[in-house]
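Encoded as structure tokens, the structure appears first; notes follow it.
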Amino acid sequence: MAEGGGAPAEVDERQPHPPKEQLPSISYAPTSPPPWPEAILLGFQHYLVMLGTTVLIPTALVPQMGGGNEEKAKVIQTLLLVAGLNTLLQTLFGTRLPAVIGGSFAFVPTTISIILAGRFTDTADPIERFKKIMRAIQGSLIIASTLQIVLGFSGLWRNVTRFLSPLSSVPLVALVGFGLYKLGFPGVAKCVEIGLPELVILVFISQYMQHVLRSRRHCINRFAVIFAVAIGWVYAHLLTVGGAYKSTPPQTQASCRTDRAGLIDATPWIRVPYPFQWGEPSFDEGEAFAMMMASFVALVESSGAFIAAYRYGSATPLPHSVLSRGVGWQGVGILLSGLFGTVNGSSVSLENVGLLALTRVASRRVVQISAAFMIFFSVFGKFGAFFASIPQPILAALYCLFFAYVGAGGLSFLQFCNLNSFRTKFILGFSFFSGLSVPHYFNEYTAKHGYGPVHTGARWVNDMVNVPLSSVPFVAGCVAFFLDNTLHNKDGRIRKDRGEHWWDNFKYFEDDARSEEFYSLPFNLNKCYPSM
């Protein structure tokens, strides 16, 4: 203050922004639900967003297994039902974060390896071949689920994540989002005349529209996905009925036309997926071990996604015991995937984490409503098939925003670290570079030769090495975790440089009262998950 007590002291604009334990400017936290009409629309929006992966994975895998449109429609219905059940279990008894649990790309390489197994080539009937491969995938998923169930519910994963710091979280969380760049604009470019306008419309509605209209209400940008998808879908349909794709190649028609998914005709009006609907699962020890490694990759990636979800939910940092029980329930989700036959395992849906950032609504109730939509449309198949026929370039445009938000959420943890430390710079730089470079080599080698760099006589050994080293966030997260815990870790200053002191109050469930607000279980079940 100036002499005489007149004018207040000037604020130095060069001062950095202070770190925030909880992300500000969130409209609804996990425990604060919006009004019911708004919550239902937001829940439906989450359902639309998760449809992309739900349709994309079966569309890629089922034809390779020998299945047609009818089998693909049944698999999508099953995946929707299991995703709804898993989302409810995770929001009620898992981390309790607003996280949608859907299909996972981490399981796709191992699934393809099972599809290409020589023992299925003798089956002449394609539908019978499809069922045999499905039963083999089910058996490997059932066994693989035990990994996450044991690590999560026993507390072993809790003991691992104790050594996780904001510094080592940055590469893991950032590349969980940025590492899926191949699903973004390359998907848009498959039908650029639809995908690119969709991307522009989505960015305009979500980021600019409110300022153009000078409105203080968030209803426009909060429902940007519904508006943008509706506009893009109508535009794609007009191009389809107008004959714009009559003479185009079949691949272009499959990406651009709104009547080429083949789901509406192949889907029954009402069908309830049930366990062992494809027959009794078959078990192969090699494939089970390979799928367990894929499950471990999904575990690491989901841990990063849970961290991003708590950040965008404006919750406090995850206590280790809460993250561990979330992993345990995700293992239960993989078990359900194996029992029902979804052709794929389960993990956190990253696009829905990005949607939390776009809408600034992280209400647990909204995600539970989206789970209800998943279950409803899995049973009443015609309605679900209608929405599942949205052209993939439209959904790829959504990924460009959502995966970017997840990656930015990882970068936000840099605010807790000392960026002037050469140790910090080395760990960040080397882990990011390794996470991009190593998987690029493995994926490029596989695309060129048809098999990975590790190519022995045992397929399951190949998969156990090639699959994790092909995952961008897995490699980056493991490198950062190792370096952060071994490089001069006993120096007292390092603890502050890596941002560990910011998470000290949240290591254990009882250490901060806010942890009980966000993560406590119903029916006093917390006693079943000790925090030590």
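Using N, Cα and C of the backbone, Cβ positions are placed for all residues, glycine too.
Automatic prediction, not curation, is the source of TrEMBL annotations.
Residues 415-416, 502 of the same chain lie 6 or more positions beyond the ends of the compositional bias 'Basic and acidic residues' (11-20) yet place their CB under 8 Å from a CB of it. What TrEMBL records for 11-20 is compositional bias 'Basic and acidic residues'.
The region 'Disordered' annotation in TrEMBL covers 1-29.
Beyond its flanks by at least six residues, the transmembrane segment (44-63) meets 71-72, 75-76, 79-80, 83, 100, 102-103, 105, 108, 111-112, 115, 130, 223, 225-226, 229, 261, 263, 343-344, 349, 351-352, 355, 359, 366-367, 369-370, 373-374, 377, 387-388, 390, 392, 395-396, 398-399, 402 of its own chain at Cβ-Cβ distances under 8 Å. Annotated transmembrane segment per TrEMBL: 44-63 (among others), in sequence order.
Taken from TrEMBL, the feature transmembrane segment covers 75-93 (among others).
The transmembrane segment annotation in TrEMBL covers 99-118 (among others). Taking Cβ pairs closer than 8 Å, the transmembrane segment (99-118) reaches residues 46, 50, 53-54, 57, 60-61, 64-65, 79, 83, 86-87, 89-91, 133, 136-137, 140-141, 180, 287, 290-291, 293-295, 297-298, 301, 305-306, 309, 330, 333, 342-349, 352-353, 367, 370-371, 459, 462-463, 466-467, 470-471 in its own chain, all 6 or more past its ends.
According to TrEMBL, the transmembrane segment annotation covers 139-157 (among others).
Look at TrEMBL and you will find 223-245 (among others) tagged as transmembrane segment.
As annotated by TrEMBL, transmembrane segment applies to 288-310 (among others). Packing against the transmembrane segment (288-310) from elsewhere in the chain are residues 95, 97-99, 104, 106-107, 109-110, 113, 139-141, 143-148, 151, 157, 161, 169, 172-173, 176-177, 316-318, 323, 326-327, 330-331, 334, 345-348, 350, 353, 356, 362, 406, 409-410, 459-460, 463-464, 467-468, 471, 473-474, 477-478, 518: each is 6 or more residues past its ends and has a CB under 8 Å from a CB in it.
Annotation source TrEMBL lists transmembrane segment at 366-388 (among others). Tertiary neighbourhood of the transmembrane segment (366-388): same-chain residues 28, 33-34, 39-40, 42-48, 50-51, 54-55, 73, 76-78, 80-81, 83-85, 87-88, 91-92, 98-100, 261, 263-264, 266-273, 352, selected by CB-CB distance under 8 Å and a gap of 6+ residues from either end.
Taken from TrEMBL, the feature transmembrane segment applies to 394-414 (among others). With a threshold of 8 Å between CB atoms, the same-chain residues lying at least 6 positions outside the transmembrane segment (394-414) that come near it are 23, 49, 51-52, 55-56, 166-167, 169-178, 180-181, 183-188, 190, 194-196, 198-199, 202-203, 206, 225, 228-229, 232-233, 236, 304-305, 307-308, 311-312, 350-355, 357-358, 499.
Under the heading transmembrane segment, TrEMBL lists 426-442 (among others).
Residues 106, 109-110, 163-165, 167-168, 170-176, 178-179, 290, 293-294, 296-297, 300-301, 304, 423, 426-428, 430-432, 434-436, 438-439, 442-443, 446, 452, 498 of the same chain sit 6 or more residues outside the transmembrane segment (467-487) yet have a Cβ under 8 Å from a Cβ within it. According to TrEMBL, the feature transmembrane segment maps to 467-487 (among others).
Helix, strand and coil content of the compositional bias 'Basic and acidic residues' (11-20), in residues and according to DSSP, is 0 helix, 0 strand, 10 coil. Residues of the same chain lying 6 or more positions beyond the ends of the transmembrane segment (139-157) and with a Cβ under 8 Å from any Cβ of it are 107, 110, 114, 281-284, 287-288, 290-292, 294-296, 298-299, 303, 321, 323-335, 337-339, 345, 530.
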